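Student: Take this structure, written in structure tokens, and hold onto it; I'll ask about it next.
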Amino acid sequence: MKVTVVGAGAVGASCAEYIAIKNFASEVVLVDIKEGFAEGKAMDLMQTASLNGFDTKITGTTGDYSKTAGSDICVITSGIARKPGMSRDELLGINAGIVKSVAASLVEQSPNTIIIVVSNPMDTMTYLVHKATGLPKNRIIGMGGALDSARFKYRLAEALEAPISDVDGMVIGGHSDKGMVPLTRLATRNSVPVSEFLSEERLEQVKQDTKVGGATLTGLLGTSAWYAPGAAVSGLVQAIACDQKKIYPCSALLEGEYGLSDLCIGVPVVLGKNGIEKIVEINLSKEEKAALTSSAEAVKNNNTALTF
Ligand code: NAI
């Protein structure tokens, strides 16, 4: 199993590290545009191998895509990240050019690859990769919901004063502060609806804290987060590499599901060796449906800025 990660920055390197530590891939290739950067990150990570007990071989290259040839899965994290006060949408202009050219180089070397898009604004970048590469829709996946759901579970566990492993919950919709739809109605603590434990006001607070989860960290760190994003990407990569058939909310091309089409947005999908093996349509309440529809309108509006 060969995995390429483009962008050896905060998220790319974190994701490479988690993939290596989970020890399911034979090879991870890091690519960056900054001279020597991916090579340096790869060497540093390889020097953790004997300490962390993994056999995954990590290499780095400054833009030599021939080194990525035959990758089973490619992850795109290249581009700029937001600074405090910025929205993810403000990154569109710069990141669209980067993501488009990176996707083309990856597909040239690995025509059968599955691509995971991370660069923001992620739903729009995922749509761009669909349009620019023409790859089958099951092979292009946007990562956002897995991270947002992890942040939702963190906030739920905090409110419930319960261990995170007892908590389940999912965030669908666009990967943006306004676009996220945390499904509090379906969240559970050991199979019991969380509404049994938390007031409506407290649940609303959990929802709001989840939606601004990225912005809160950007304010604290001065740049966007990397541990949880890297771990979330590694979860998706592992589900595909190990054919786990796990359900994650991912940005997928919709063609009528949830009454939406011609956009990529976060919905629950089954991930296995073919990438997106099924889009799961859950029954949403009227309110949740309206929130998803409004989120989709915002993503579609962003998409109009793209050229293919
Ligand atoms: P970073 O600045 O630490 O790393 C980005 C890397 O991309 C840099 O090393 C840069 O040299 C490289 N790069 C730029 N242009 C390139 C090109 N043409 N080819 C190869 N490499 C290139 O940024 P960070 O924090 O790793 O974030 C990366 C992206 O991921 C950002 O757009 C950020 O907004 C997004 N992100 C998305 C998340 C999600 O849930 N979808 C979560 C966190 C970040």
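Cβ coordinates come from backbone N, Cα and C, glycine included.
On a predicted model such as this, the values are computed, not experimentally measured, just so you know.
From TrEMBL, here are the annotated features:
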type	residues	note
ACT_SITE	His175	active site, proton acceptor
BINDING	Gly7, Ala8, Gly9, Ala10, Val11, Gly12, Asp32, Asn95, Val118, Ser119, Asn120	NAD(+) binding site
BINDING	Arg82, Arg88, Asn120, Arg151	substrate binding site
DOMAIN	1-142	domain 'Lactate/malate dehydrogenase N-terminal'
DOMAIN	147-302	domain 'Lactate/malate dehydrogenase C-terminal'
Student: State the Cα to Cα distance, in Å, between Val11 (NAD(+) binding site) and His175 (active site, proton acceptor), rounded to an integer.
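Tutor: Spelling it out, the Cα of Val11 (NAD(+) binding site) and the Cα of His175 (active site, proton acceptor) are 16 Å apart.
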Student: Let me spell it out: for each of the binding-site residues (Gly7, Gly9), count the other Cβ atoms within 10 Å of that residue's Cβ, using every protein chain shown. Which one has the most?
Tutor: Gly7
Student: In sequence order, what residues of the same chain, 6+ apart, have a Cβ less than 8 Å from the Cβ of Arg151 (substrate binding site)?
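Tutor: Set apart from Arg151 (substrate binding site) by at least 6 residues yet with Cβ under 8 Å, we have Val171, Thr210, Gly213, Gly214, Ala228.
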Student: Of the residues in the domain 'Lactate/malate dehydrogenase N-terminal' (1-142), how many are helix, strand and coil by DSSP?
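Tutor: Helix, strand and coil residues of the domain 'Lactate/malate dehydrogenase N-terminal' (1-142) number 68 helix, 28 strand, 46 coil.
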Student: Who sits close to Arg82 (substrate binding site): which same-chain residues at least 6 apart have their Cβ under 8 Å from its Cβ?
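Tutor: Long-range Cβ contacts: Arg88, Glu90, Leu91, Asn120, Thr218, Thr223, Ser224.
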Student: Listed binding-site residues are Gly7, Val11, Val118, Arg151; which sit with C-beta under 6 angstroms of ligand 1?
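Tutor: Gly7, Val11, Val118, in sequence order.
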Student: Looking only at C-alpha atoms, tell me how far Gly9 (NAD(+) binding site) is from the residue listed as 'active site, proton acceptor', rounded to the nearest Å.
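Tutor: Taking the Cα atoms only, Gly9 (NAD(+) binding site) lies 20 Å from the residue listed as 'active site, proton acceptor'.
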Student: For the substrate site (Arg82, Arg88, Asn120, Arg151), what does the 8 A shell look like? I mean other same-chain residues with CB within 8 A of the CB centroid.
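Tutor: So the extra residues in range turn out to be Ala81, Ser87, Pro121, Met122, His175, Ser176, Gly214, Ala215, Thr218, Ser224.
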Student: Cβ-Cβ under 8 Å from Val118 (NAD(+) binding site), same chain, 6 or more residues apart: which ones?
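Tutor: Once residues fewer than 6 apart are set aside, Val118 (NAD(+) binding site) is near Gly7, Val11, Cys15, Val75, Ile76, Thr77, Gly142, Met143, Pro229, Val233.
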